[in-house]
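Enquirer: Input: one structure, supplied below.
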Amino acid sequence: MAEMDVSSWKPTKLETKPFSLDSGHYTALAFVLAVCVPQAPHGTALRYGLLLLQITCGVQAFLAQPPSVPDRAVLYTSGVLMGNLVARYFDRLYTTVPEKTFHRIIDSQTPEDTTQLSAPKRFFWALELFSVTRGIGWNWRVAGIPKSPVPITRFQFAAAQLLRWTVMYAGLHLVNVTCQVVSSNPNAIPSLPGNLHIYALIVCGFAITIYSHFAILMLPLSALCVGLQVGPRSWQAVASWPPNFGSVREAYSIRRFWGYTWHQQLRRQAGAPGAYLISLLPDSVMTSKRTAVKLARRYSLLMMSFVISGLIHACGTYQVTRALGLPLSDGGEMKYFALQGMAIIAEDFGCWVLGIDDRGTQPGVMRRWMGYAITLSWYIWSRVQLKGVPVALAMGIEDERGDLFAALELVRVSAVAVPGNFVAMAWELIW
């Protein structure tokens, strides 16, 4: 056995890469600090220091390098989350004293006194405050939330939620497979019927994907909390888990589509900046009964809500473009959401001219079906041409056969990116 010359041996220096925080780390830090801010007494130096540090982390999330993730859909979702949380902080932290403003409802009449909570309970109160989106069980429950399911046992509810969870994943896998089939012909040049088919696939695919972004956690969590009676007390009731989306039957106008049928996850934080700005107006304007002033307040709030929603979604495209070294872009998000608000204003004006008033009355058959046709046509066209196509192109997705195929590919990668699809895994094993 050869002898080793110990005197000539030198230790090998391990190469280490310097650790640096990316935007995902700063997003998480900003959230943790937001939960910590209400733990410090209001008006103290500690409170202001925590708040300043929280704001710094929130801003740094938009400036630091994005996570090293090549998946466009994941990057987009992380960017939307960043924008969503900033809007949430503006509403529940920056413009108010949260422990004095936001209270959980103990029963139908009694709000919880947050100032009397112990330190551990106040921490979990703050964690819930910055986590919930629709204010269910709080004194700020948003309007338009769909009614809770008909009375059923908690085990029936849990089973139904898990079934929806499975169907959701099956729908995502179906979107992926269908998009692959439609895109499999490299020479396809869609005719008008083909266009309609692709439009429908894009809109339905996006709808299922958006639904999954909320349901992926809410469905199993609700089944766990209600079925096993675990978690916060308010989460253990079936009534605490109403559907994310309302009935399609309500979508006989563009206003009702966005107000009742579509999800309400962003409604509170999207409307908060506009409500705050309106509150700064003189009392004479705030309380004026003049029709012109009331209409100006109403439609200003409407437009500002859609603009903020556009900004939140634009953060997603911003995150993708800077991560992949593409030209910075909002992907048309601002235009798309602003035009939704303008469409509602135009619709209201048209109803006023025609003498149509849907408030408090059930529409007639003609009104309902004409409304369905107009709303569906507007939504499908705008969802594809004003959002799907521009976002896909901004993300660097191109197809020589046309922009519709680029949007279709965006739908496919978005559906595939949703984690934990056990239905797709089982399908691959079987087939």
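Every residue, even glycine, has its Cβ placed from backbone N, Cα and C.
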Enquirer: Look up transmembrane segment in Swiss-Prot and report which of 28-48, 301-321, 364-384 it refers to.
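Expert: Based on what Swiss-Prot states, transmembrane segment spans 301-321.
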Enquirer: Let me spell it out: take the transmembrane segment (198-218), skip the flanking residues so only those 6+ beyond its ends count, and list any with a Cβ under 8 Å from a Cβ in it.
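Expert: Apart from its flanks, the transmembrane segment (198-218) reaches 77, 164-165, 168-169, 171-172, 175, 178-179, 182, 190, 241, 244-245, 263, 265, 379-381, 383-384, 388, 404-405, 407-408, 411-412, 414-415, 418-420.
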Enquirer: What residues in the same chain, six or more past the boundaries of the transmembrane segment (404-424), come closer than 8 Å to it by Cβ-Cβ distance?
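Expert: Distal contacts: 71-74, 76-77, 166, 169-170, 172-173, 175-176, 179-180, 182-183, 188, 190, 195, 198-199, 201-202, 205-206, 208-209, 212-213, 216, 384, 388-389, 391-393, 395, 397-398.
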Enquirer: Give residue numbers and ranges for long-range contacts of the transmembrane segment (336-356): same chain, 6 or more residues beyond its ends, CB-CB under 8 A.
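Expert: For the transmembrane segment (336-356), the sequence-distant neighbours (Cβ-Cβ under 8 Å, at least 6 residues beyond its ends) are 253-255, 258, 299, 302-303, 305-307, 309-310, 313, 367, 374, 378, 382, 386-387, 390.
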Enquirer: Around Asn176 (N-linked glycosylation site), which residues of its chain at least 6 apart sit with Cβ under 8 Å of its Cβ?
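Expert: Once residues fewer than 6 apart are set aside, Asn176 (N-linked glycosylation site) is near Arg412, Ala415, Val416, Ala424.
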